[in-house]
Amino acid sequence: LSSLKKFDEIKKANQAAAKKLVEDQLSSSSEDDDEDAEAKQGKILDKTFTIYTSQTDGDASELERTRQYMNEAFQSGAMTCLICIASVKRNQAVWSCCGCFCIFHLVCIQKWAKDSLFLVSSPLTDDDFGKKDYPWPCPKCRFEYKRSETPSRYYCYCGKVENPAVDPWLVPHSCGQICEREFKPSCGHKCLLLCHPGPCPPCPKMVTTTCHCKKAKAVPRRCSAKEWSCRLPCGRTLLCGQHVCENPCHAGDCQPCPRVSKQRCICGRQTSERLCASPQWQCDQVCGKCLPCGNHTCEQVCHAGPCGDCPRSGKRSCPCGKTKFTLPCTEDVPTCGDSCDKVLECGIHKCSQRCHRGPCEICRQEVEKQCRCGKHTKRMPCHKPYLCETKCTKIRDCQKHQCRRKCCSGNCPPCDQVCGRTLGCRNHKCPSGCHRGSCNPCPETVDVKCNCGKTVIKVPCGRERTIKPPKCKQLCSRPPTCHHSTQEKHYCHFGRCPPCRQPCQKTLTCGHLCPAPCHDEALVKQTGVHQSAGPWEQPSEPAFIQTALPCPPCEVPIPVECLGQHEVSPLPCHSANPYSCKRFCGRLLDCQNHTCMKECHHVTKSNSSADGKKAGPECSQCEEECTKPRPAGCPHRCVLPCHPGDCPSCLQMLKIKCHCKLSVLYIECLKLTCADVKEKELLISCRNQCPKELPCGHRCKEICHSGSCPLNCSQKVKLRCLCKRLKKEMQCSKIQEGQVSLECDALCKEMKRKAYEIKEAEAKAALEEEKRRQQAELEAFENRLKGRRKNKRRKDEVEVEQSSWQKYKNFIMLPVFGVAVVMV
């Protein structure tokens, strides 16, 4: 299980790595560049150039070179360390050359400087090892730096901040402060850009200056272009002293005079037309003037001034230089006869011949000579060199090859073989002589082009395999692969063109044009092609094939009326056929009362029927009963089935109770429904007295009637006063209305007072009786408590055995006594 688990993990990791590799290879540079990143880069560049452009009134034409360096700093993979051939990231410590402004990793340049100093100051090649301050060169431009200038710390481009923090809103490796480096050539002003890579732009300051010839008035100009020409003739006197400079106002010295004039040579014998700028020239004739001796002539070629004395006058030495003679210039100096004694070419022996004219002969003495390597000796003529055949076995300064030179003196020359090691670019080999240490970076650059080849960027050799192609702003020029004559406009790219999104516009069978996006190259999932070999084989991802799909059904809306002509709806063209709207048919049937309840259907139109809403033979037949409204009060249905027109009169008898609900009456339905209100009241009445009771309790005196009974009761009733002593007969309705009342007289009031006094006396007597009873109960209870105390004292004095009744009588009698008291 553990091995299977490990296998699955490794398999997933390999699949993820392969997928990432394929995506990196297939993706173009334009796919990774985001519009938000470009907008952010533009804001950072504008912020960096703000102070400079404020001095130039928005003119940024002089910033193109600096802008190129800054764009490379932003572009992923554009900044490459030429030493390790790797990308320079924004969070890595770097060093920038002040000559070529190339950026290297700080660790790489430190190792480069150390190796360069070691190779230059190696004791195998220099006797002054450790005594001189040898420089080390930049890997790219070979600008030399002193040993003390070897970088040891990471600084920003302007050198103000050590270890600048990584800020996504600044140029990588920038501190964000104003550069303030001196302009080159120096003008006294400082750079106004924010800390930036690459060279500083020209000075934008305004200064007042005059032209080169100082003739024009001083005008304000940019400090970087303060030297200017007024285009007037220079007018300065040329070196010839005869003419003036006719060139327009220019810087520096005037050019030589371009005019031609006849000039004599130095000796004055010949005259020739020559440039005025070179007035002195020599002819080819020998001077030939007679010298002061009168015997010889001057043998110098055309010269100025006197010829001088005769070279044969005065004291002259013999050929060996030992003896001097004073002779006329017409006589030659004789030999002295002594030995020559001049040192021969060997530098050891002297010439043994007598004083002679001409050069001495070669040294012919035989000596014991040692070879150059010092291993062999041999007797041989002194003028011949002695080289043995022994080959030197010392290792040359490259520390790889032997010297192999015959009879080497020990100071072996540098290795003459070509290094030939493959450089870091993996494309070229080192062309330098065989050497120690790392080879110099490949000096070649490679053009990385977009797909169309119109956009090119130069990258160090070796980076063309990893750097992304440039983002080309040219439109893709490939021919369309679908049926359209032209493809959608999109930028140059690698790989296949994106799917065509133009409308198909093919003519469908219905005559409309296909509005769907082009589907000539649609990706279709291919299933069921691969047959697995067994259950152990992992299911593979579905493959996609590119194929042309048929045009989808036409979706153009066509107005179509439903079968029952209820509505007109827009339907897609491919399904524009008569349809059922799912409503009820709704056509009026022959009964003229109901409509067809079938679902929307086709109806055959007849010529006799002009109304389009009348039912046809396909509609349903009415099978309902007559549902027309009956006359008011008629509870019977129409005896006919559903029919047009009015229903016949109802002839049935109604069994109905009278108003008082005591009698049952049989009445014709027609009479009852056709009668008015009064007639209906009489027809339904039973002609008997109403049995209902009035609110007063008496029976209604009216004949059987509808509604509630009248409230004016005429029954005679007896009316009494409050004490029930006086009485009087009155009409019931008046008593109910409160119109009549009977008041008590004086005798009634006297009788009420006496009755009240008797009631108070009885209550007082009952209260006194209750108090006496409670006092008697209290005394009886106290007497019982005294008897218990006496019995207790007797028990303490004499212990007498008691019977069961005596022991428990108190427990029995007390509850009984309590109950009796409560009952009383």
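Just so it is clear, glycine is given a Cβ too, placed from its N, Cα and C backbone atoms.
What TrEMBL records for 744-791 is coiled coil. Taken from TrEMBL, the feature domain 'NF-X1-type' applies to 187-205, 240-259, 293-312, 346-365, 373-394, 398-417, 425-444, 482-502, 591-624, 634-652, 696-715.
At the 8 Å Cβ cutoff, the domain 'NF-X1-type' (425-444) and the domain 'NF-X1-type' (398-417) share at least 3 close pairs (sequence separation 6 or more) and count as touching. Residues 125, 371-373, 387-392, 433-436 of the same chain lie 6 or more positions beyond the ends of the domain 'NF-X1-type' (398-417) yet place their CB under 8 Å from a CB of it. Stretch with the most C-beta contacts under 8 angstroms to the domain 'NF-X1-type' (373-394), considering only 187-205, 346-365, 696-715: 346-365. Summed and averaged per residue, pLDDT over the domain 'NF-X1-type' (240-259) gives 85. Counted with DSSP, the domain 'NF-X1-type' (425-444) comes out as 0 helix, 2 strand, 18 coil.
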